[in-house]
């Protein structure tokens, strides 16, 4: 089985498991990590943009916090925050309203990877909870993804990470490395094939007069908006269940004028930070140096006191 097929099957299986665990029906618009894994060999483009932004068009703030420096072969935590108003509801694939789901991709330096369960301290395990992080692909263990998961529970995530050991991995050095992170809340507006989801604005395809607005399905919802152009031709714009119409019959519209509101309440954001893989020998050398400086200072103080005593004795004599 090729790596691409393996990745697709594994990602799809994970999406189903996570959806069941979160009590969510995993629709294509929700399973955004699967889209990225299926369509992009690398989630970060050459211009620095993370590919999730291709489908999640709105921007929202995200935050990531990691230690300033770590020692080799050490487990540390990255804290991810996807802040949003927990009271808002998003449009689901069936047009109904529901809670937002969240997901993220974390691009670590080469050599860094998800910490094995037996290496993760109990304190960090408790913070991680039931989240299951997976590598982006079998060859890219330094890139981690998770989602969709319930936003109310996981708007803050803790990722246990194992730092590499340059003594064992010759491709790693004691340097400062960048870490890239992208996170989103809510469903996307565009599918990878370019088609719109029902979580976005729908615009008029032509200028003219709205001559009819017809319900597509009483059960599933949605509308057909018929627009008569100046030459008498009638074009029909189909609007799925989800967005609310903001036009009415008899109204004149321009091409690309919004026919609906913007139902999207989520958004995507990305951030980056840095981490230093610290050489233990440097720390030991620094401690020795500080100890030497401290000892020198103590000896100088003692020598000064001894000199003062000698001076005092000579004056008394």
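The backbone N, Cα and C atoms fix where each Cβ goes, glycine too.
Computed from a predicted structure; not experimentally measured.
Residues or ranges marked as signal peptide in Swiss-Prot: 1-31.
Among the features that Swiss-Prot reports, heme binding site is placed at 32, 52, 55, 56, with the record citing experimental evidence. In the three-state DSSP reading, residue 55 (heme binding site) counts as coil.
The transmembrane segment annotation in Swiss-Prot covers 283-302.
Of all the binding-site residues listed (52, 55), 55 has the fewest other CB atoms within 10 A of its CB.
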